[in-house]
Amino acid sequence: MVSAKDILSDSLRSSVLIIKHKDKLSPDYVPENLPHREEKIKELGFIFKDLLAGDAKDSERVVILGRTGTGKTATVRLFGKNFEDIAEREYGVKVKYVHINCYRHRTLYLISQEIANALKLPIPSRGLSAQEVFKMIHEYLDRRNIHLIVALDEFGHFLNTANTEEIYFLVRLYDEISAIIKRISYIFIVNESHSIYKLDRSIRDHIARRLIEFPPYKSMELYDILKYRVDEAFNDNAVDDEVLQFISNTYGYDKGGNGNARIAIETLSLAGEIAEKEGSPVVLLDHAKKANSTINPEIQEIIDSLSYLDLHQLILLKALIRALNKTKADEITMGTLEEEYISLSREFNEEPRRHTQVYEYLRKLKVIGIINTRQSGKGMRGRTTLVSLSLPLDKRLDDYIMQQIMVRLKSRA
């Protein structure tokens, strides 16, 4: 009998490793370049450039607004790191950048403590108020001639927790602290605009004078982001290009996705792990589909929505699965799909619907997220619609669709 230890040893020896730098697929990783966020970094630079003047007297404030996964945190972190370095190396100005997550530090006191810790500023053991700590921080910066940029990530959590007086103190700090040089500047990062616009006007007008919006990523932008991460994290030629196309089309905002780069990268990472587990030296489309069905929170909703489809929509979906299995391809032409649909309809003793109706069924299936469509490019004569399944080809899915078809047919009997 083979021991558990030997089984483990054999497994480790035979395992295929195609991800060489897994940390570069982590949500916390900030790469040296951020595709399609270069202009946002330039905007931040323009706002904070006055801090580089030797006689800078004023502080700056900016709101960063965008959905989760639109690159807000990574962009601000990269800006802060590079601005700090450029300020000292090229301008001889001392700038300290501090990034604070308000989900973990959602009170004025915790924020003041986190800033003090980042500055290595010793706080007396006797209890000090947050306001007193902020005054100590400013005095510390003044003595050392340092400008401080504080990025308050997930700032909405602070706004929902703190009282009006604490919010006012933080935002309008220099109404409370007398200073010739205002050394503390802020970057407020929020997911939703209403967290800012519900504030008292005296606070809102002060905080939202400058606003940088981060739109959801389009599919082409997600493709570039994923390609960059593949080059950083995977072995050469280890990820098939159609994997990147599939993930970027699934999550691209212009394709009906949420435009979330974080989930797109997570899907890529899991697809790599699935490929390694299966012993494949290359991440293939099926690995990406399996990863997507695990990660995508909408997948179960998609499957649940099948019960609401009518008979011919289900037959069309069944025809797509059958045609994909026959051709062993990842996508088929609209013509091939219609031929399979007509054949399958007759097997069920159903009159096939006309082309315009079939196209409308296809549009409905795309809206609920179970199929993808695209226009053919080079390599095909003429322009045609190519159709693919957004979920892995799975017998359980096929059986469920067949079950739903039989339910519809029996209800007619």
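Glycine is treated like the rest: Cβ placed from N, Cα and C.
According to Swiss-Prot, the residue from Tyr217, Tyr223 that belongs to the ATP site alongside Thr70, Gly71, Lys72, Thr73, Ala74, Arg229 is Tyr217. Under the three-state DSSP scheme, Ala74 (ATP binding site) falls in the helix class. The binding-site residues Thr70, Thr73 differ in how many other CB atoms lie within 10 Å of their CB, and the one with the most is Thr70.
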